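Here is what TrEMBL says about this protein:
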- 96-130: repeat 'PPR' (REPEAT)
- 228-262: repeat 'PPR' (REPEAT)
- 365-395: repeat 'PPR' (REPEAT)
- 396-430: repeat 'PPR' (REPEAT)
- 498-532: repeat 'PPR' (REPEAT)
- 713-805: domain 'DYW' (DOMAIN)
Amino acid sequence: MQNAAAAMAAAAARPAAMAAAAGSSDYYARLLQLCQTAANPSAGRAIHAHAIKAGLLVSTYLCNNLLSYYAGAGVRGGSFRDVRRLFEEIPAARRNVFTWNTLLSMYAKSGRLADARAVFAEMPERDAVSWTIMVVGLNRAGRFWEAVKTFLNMVGEGLTPTQFTLTNVLSSCAATEASGIGRKVHSFVVKLGLSSYVPVANSVLNMYGKFGDAETAKAVFDRMPVRSLSSWNSMVSLYARQGRMDLAVSMFENMEERSIVSWNAVISGYNQNGLDGTALKFFSRMLSDSSMEPDGFTATSVLSSCANLRTLKMGKQMHSYILRVGMPYSGQSQMINALISMYAKSGSVETARKIMDQAVISDLNVISFTALLEGYVKLGDMKQAREIFDVMNNRDVIAWTAMIVGYQQNGQNDEAMELFRSMIKSGPDPNSYTLAAILSACASLACLDYGKQIHCKAIRSLQEQSVSVSNAIITMYARSGNVTLARRVFDRICWRKETVTWTSMIVSLAQHGLGEEAVGLFEEMVRVGVKPDRITYIGVFSACTHAGFVDKGKAYYEQMRDEHGITPEMSHYACMVDLLARAGLLTEAQEFIQRMHVAPDAIVWGSLLSACRVQKDAELAELAAEKLLSIDPNNGGAYSALANVYSACGRWNDAARIWKLKKDKAVKKETGISWTHLHNKVHVFGADDVLHPQRNAIYKKAAEMWEEIKKAGFAPDLNSVLHDVDDELKEELLSRHSEKLAIAFGLISTPEKTTLRIMKNLRVCNDCHMAIKFISKVVEREIIVRDATRFHHFRDGFCSCKDYW
């Protein structure tokens, strides 16, 4: 090639000799063709100059070769203006269809489609090549529909498409999924006898693959007399995309030769169809059985499978390989996103964050952001999770839901509700997971009114039919104190009740002290053939506990093991101990613990310890407290419960000793708080609270309420104050318990006859329980109190628990 270029340069230096030797313009044309092949622009311009001096530009053939030479240089970075100027210098009479096609091709190949269209419209004559140039240019530029329309116009002009026309229009049909037109193009291929031409046959095969028409694609494949590697890869990829991995692998195994594309098709097919373990095994086979080196597509699929399986070790190995071979990140946004997802889902959130910080934001997608967000949520780091959420550009419903679920699961229910309101205003429509999460937040805060609004939204969007949403609605109503509405929802979805739905309703009834109804519903559940699970029995045991159904509880325990084959777990043991202990059967409860097949946990000993106070059994309380503290030395409740038992027994010195021991060990007990939800805001109160902005009015109302119920016959239970102080101070302390302050606030903030709903994080004390019975009668209101174990419905001086809680 260098010798040819040297010869051209030498010839250009001797124009007279060349002209004499050649005698015509053909010699110059051949030299120009050599210049194009050798990519020698300076020699080409020299030849052009000598042709002008020799007066040879009268030849159309030479002019076309000059134009073709400059057009090729223009595509490679030369001057488009030079080409256009030369074109204009060629007399119109000497321009033929080749001349026009050369100019047209230059613009089309360089992506200057507006100029190409202008030239195409100006052409006095068009042939099949002219139309093909436009089809190819439009297809390569991603103007697929325009390419298809241009092809149809070409056929309408009566011109026969070439193989290049067909491969490109088939590609455009595949990209636009224009199956009707694509099948007509296929018929052209058959009529023109081009079915055996491998590039065209592969385009047909690829088109049917994009349509998802595996049967027609297989028929085309079977009729191909010659198949290329691309033909086989198309079929493997098609089957893999459709999840027909048996056929994909069968096709793969029959291949005589394979490329990295072949291996990638199978690996990504397994990954995309949820068979991540098999994907990684196939990748290992590739490394051991072939000489193929993983590329960016391989790495992305492997990282995705590692992310789904939380396989950090193999994910790190893949990352190390990427770094070792210098696989470029630039333009590999899928790989970057897969790396972030892999580390985030596998627990290495900080590594995922570093990769994200180093990446170009435009390369990141919502999937990687969401994976990182969920990683922080699992760690309970909601601040970092919110930072990730706030920088996301295209937040989809999954990202919004992940953030709302994160707040709800981490006890930040106010934040969950605030974000849900923002989602309704400016985000995507919530899905069933979003609604279930926000309903759970409403249940935790007992936001009945807002919960009703979300229930309405679920009905309008037809998402009430979702099992998770309908169960969340039942729980929301029940935990907000309205078990009647919960039962109404349950009865309405009777045609599609599942075990979890029945369980939700049984637990709800149990929490409201409706033991007989809960047990009756359980019996109906078994009768209609719905199989109870381990959670169902926890609900049944809870119902028996709150209703005092000791014998039924024992019978259900036997039934759980013998009839339904459910092995008791620690939660079941704890329920049975609680059932026996609350009924005063402390010895039997202790014997039950001794018969347990596993070592009792803190909950089991805690249940026994709590019952010891009611029964004033200090000796057993000491044993239970000792066992509990050996399991959980920092359990502040154990110290408090034991001190309470001593106080109930009048052993003030022992109680003081326990309080001092607790203080010396710096053990903290959960502070008792109560709250109520009014006017879209949660109002929280602690005992003797002075922080509420309406504290003066609240304390005034609490004092008035205290005096009124005393006049009505209420006598404070001074034994509920577990400190050795005088009676006057005890009474003052009792009057300012958190639930009493919450009730006082509700009385001054709501209309008369309105039901008050109060939540408390600990079990309600004896004094408050008796006081609220009197308050409900004096103020003529229903007061619903949800404490740590159950609901109390106070009405007309009575409580639904019948003083058994």
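Glycine is treated like the rest: Cβ placed from N, Cα and C.
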Helix, strand and coil residue totals from DSSP for the repeat 'PPR' (396-430) stand at 27 helix, 0 strand, 8 coil
Near the repeat 'PPR' (498-532) in space but 6 or more residues beyond its ends, with Cβ under 8 Å, are 467, 470-471, 474-475, 477-479, 483, 486-487, 490, 538-540, 542-549, 552, 556, 560, 564, 786, 790-793, 800-802, 805
Taking DSSP helix as H, G and I and strand as E and B, the domain 'DYW' (713-805) has 37 helix, 16 strand, 40 coil
In the domain 'DYW' (713-805), averaged pLDDT is 87
DSSP tally for the repeat 'PPR' (96-130), helix/strand/coil in that order, comes to 26 helix, 0 strand, 9 coil
In DSSP terms, the repeat 'PPR' (498-532) comprises 26 helix, 0 strand, 9 coil
Summed over the repeat 'PPR' (365-395), the DSSP helix, strand and coil counts are 24 helix, 0 strand, 7 coil
